[in-house]
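Asker: I am attaching a structure below and will ask some questions about it afterwards.
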Amino acid sequence: MKFRNILKNEKNEKNEASASTSHASEDIEIIPSRYDNEKFYSATEATHKKKTGSTGFDDTISLTHTLSRSRIPTSMEDEDAEEAEVHDTRVKRALKQRHIGMIALGGTIGTGLFVGISTPLSNSGPVGALIAYIFMGTIIYFVTQSLGEMATFIPVTSSITVFSKRFLSPAFGVANGYMYWFNWAITYAVEVSVIGQVIQYWTFKVPLAAWIGIFWVLITLMNFFPVKIYGEFEFWVASIKVIAIVGYLIYALIIVCGGSHQGPIGFRYWRNPGAMGAGIISSDLGEARFLGWVSSLINAAFTYQGTELVGITAGEAANPRKSVPRAINKVVFRIVLFYIMSLFFVGLLVPYNDPRLSASSAVIASSPFVISIQNAGTKVLPDIFNAVVLVTVISAANSNVYVGSRVLYALAQSGNAPKQFAYVTRHGVPYLGVICTALLGLLAFLVVNHNANTAFNWLINISTLAGLCAWLFISLAHIRFMQALKFRGISRDDLPFKAKFMPWGAYYASFFVTVIIFIQGFQAFAPKFDVSEFFTAYISLILLVVLFAGCQLYYRCRFLWKLEDIDIDSDRREIDAIVWEDDEPQNLWEKFWAAVA
């Protein structure tokens with residue numbers, strides 16, 4: 001039963017809440033939560049354990065705990081309660097398994113893959129870049145495993161921010177929420193800035209600013225459609241990406257084996273100019289190569305961002321207990337096929353010292369995918385692949401706005417953003433979140449008045465660090481989640497999805513993400529300190545610290561929740577009670593996409 005229906009009438013809900021509380025008080029001590037600004041109530045199990053010796057997960061304690069955590073309007077909330085009757089604040093669970101998989105894929109396969117890998121290839125060489133991407137791939141694998149375990153157990157919208165607040169502290173949750181929104185809003189600016197440059201591959205007759213403005217409007221409007229239409233659009237567009245990358249891998253294999261005028265290429269470019277790049281900054285070759293490799297880690301992190309989007313879509317998934325684990329389990333497949341294999345073949349077909357990799361005028365001209373096709377002398381295909389890149393970037397930008405709007409929605413739902421951001425259209429779209437996220441995307445116009453590559457790299461650095469902070473909070477939240485389960489006597493074997501290689505995987509990801517966060521701005525210190533470079537590299541970290549400190553002072557809460565205060569019941573029981581429709585693939589076509597998505 002959904003508790004919002006039980007508490008429909010204000011007078012009845014007060015009486016029922018009072019009756020439920022008095023009845024439950026025989027077994028449970030109800031204590032107002034000190035730190036929750038939503039006026040929720042938390043129920044402790046101490047008295048119940050003392051009397052019954054149970055673990056706190058029998059039917060009585062579960063029902064009472066869930067009810068006690070449901071929002072109960074008080075006299076101070078009459079105005080908000082009346083307004084809630086006018087403004088709908090519930091998103092729709094309309095995303096199927098194939099939608100969720102492709103949304104995550106759409107947010108990941110974009111500028112970072114098709115354009116961004118040119119920098120690590122130039123700085124680190126094919127082998128150095130490959131090692132960097134494999135290493136970052138292991139980190140994102142453990143991050144998504146951690147998120148998957150929590151998101152299937154408690155499938156809520158923008159779970160990445162919700163879990164930080166619930167399992168770490170309110171300050172962590174709010175700071176992470178705003179930083180994660182900032183990350184995707186900035187990424188939207190990155191993607192939109194590239195769209196115009198992709199089109200300029202064909203013509204310069206239309207100003208770059210015009211293309212940026214046109215596609216900014218179109219993509220923003222696209223996000224006002226119902227989530228089901230959005231999911232369907234993203235599914236088919238992301239399908240084009242999958243077909244294009246698989247097609248490129250087959251094409252690249254043919255070229256490597258001698259299918260062009262160049263003859264068999266094999267590992268020719270790994271021998272000359274070499275498998276490892278010349279590095280950056282330092283005159284010492286070893287040091288320069290190491291610094292170049294560290295720089296490649298940052299590009300790899302940007303490329304992988306979006307893999308965790310399954311956690312954002314959990315709150316709008318039609319069957320989260322099945323669809324989210326399936327999407328999570330395909331992460332390894334995606335990392336190997338779409339990133340590692342693509343980078344491997346690009347490294348075989350393009351030498352790291354090709355001057356086009358570091359082109360400063362047109363970003364798309366530096367795409368190693370396009371360069372490799374041009375080197376092979378295949379006519380028309382560069383134009384076709386450029387069209388694929390255009391569709392890819394539009395899809396990625398579309399996902400950016402979707403994620404950003406849902407993060408603001410989750411913050412408003414928890415009382416940490418203006419309540420207006422929780423208002424949705426009759427189709428369940430948080431329209432103010434879409435508008436606010438899109439407005440920050442106007443930073444894309446920076447590339448018009450500045451060197452394209454400089455502005456592009458500036459936006460990437462800001463976005464990447466904000467995304468790395470989100471990965472860190474996911475891993476830390478999962479560590480606390482596992483500790484809370486153990487404290488409550490719950491075996492992880494009984495969860496809908498059990499993350500692999502835990503808890504060591506979460507510790508591994510937390511440690512290396514922290515290291516990368518602090519060393520990623522090394523170029524600000526070498527060869528001499530550069531103030532501008534420093535703020536570009538660390539502005540996201542500075543914002544995070546300010547947000548966290550402000551939230552800590554505002555909430556006056558503990559640095560971390562006590563294990564006994566961690567809430568692992570809210571939003572879970574309602575999902576447990578729902579009987580979902582069968583979403584199993586029915587024909588060969590559906591089975592194919594189920595395997596891919």
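Using the three backbone atoms N, Cα and C, a Cβ is placed for every residue, glycine included.
Pulled from Swiss-Prot, these are the listed features:
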type	residues	note
COMPBIAS	7-16	compositional bias 'Basic and acidic residues'
REGION	1-29	region 'Disordered'
TRANSMEM	100-120	transmembrane segment
TRANSMEM	124-144	transmembrane segment
TRANSMEM	179-199	transmembrane segment
TRANSMEM	206-226	transmembrane segment
TRANSMEM	235-255	transmembrane segment
TRANSMEM	331-351	transmembrane segment
TRANSMEM	384-404	transmembrane segment
TRANSMEM	428-448	transmembrane segment
TRANSMEM	459-479	transmembrane segment
TRANSMEM	501-521	transmembrane segment
TRANSMEM	534-554	transmembrane segment
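Quick one: where do these features end up spatially?
Answerer: Listed as Cβ neighbours of the transmembrane segment (206-226) (distance under 8 Å, sequence separation of 6 or more from its ends, same chain) are residues 92, 94, 192-193, 195-197, 199-200, 233, 394, 397-398, 401-402, 405, 425, 427-429, 431, 434-435, 438, 441-442, 444-445, 447-448.
If one looks beyond the transmembrane segment (384-404) by at least 6 residues along the same chain, the residues whose Cβ comes under 8 Å of a Cβ in the stretch are 103, 106-111, 114-115, 181, 184-185, 187-188, 191-192, 194-195, 198-199, 201-202, 215, 219-220, 222-223, 230, 233-234, 237-238, 240-241, 244, 248, 306, 309, 312, 364, 367, 369-370, 373, 433-434, 436-438, 440-441.
Cβ atoms under 8 Å from those of the transmembrane segment (501-521) belong to residues 138-139, 141-143, 145-146, 149, 294, 297-298, 301, 461, 464-465, 468-469, 471-472, 475-476, 478-479, 482, 492, 533-534, 536-538, 541 of the same chain, restricted to positions at least 6 beyond its ends.
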Asker: Run the contact check on the transmembrane segment (331-351) against the transmembrane segment (235-255): 3 or more C-beta pairs under 8 Å, excluding pairs closer than 6 in sequence.
Answerer: yes
Asker: Counting a contact as 3 or more Cβ pairs under 8 Å, with residues at least 6 apart in sequence, do the transmembrane segment (459-479) and the transmembrane segment (235-255) touch?
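Answerer: Contact between the transmembrane segment (235-255) and the transmembrane segment (459-479): absent, because fewer than 3 Cβ pairs are under 8 Å.
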Asker: Which of 124-144, 179-199, 235-255 shares the most C-beta pairs under 8 angstroms with the transmembrane segment (534-554)?
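Answerer: Between the stretches 124-144, 179-199, 235-255, 179-199 has the largest tally.
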Asker: Restricting to the same chain and to residues at least six past its boundaries, which positions have a Cβ under 8 Å from a Cβ of the transmembrane segment (179-199)?
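Answerer: For the transmembrane segment (179-199), the sequence-distant neighbours (Cβ-Cβ under 8 Å, at least 6 residues beyond its ends) are 110-111, 115, 158, 160-161, 206, 208-212, 215-216, 219, 305, 362-364, 386, 389-390, 393-394, 396-397, 400-401, 403-404, 407-408, 411, 436-438, 440-447, 452, 455-456, 459-460, 462-463, 466-467, 469-470, 540, 543-544, 547.
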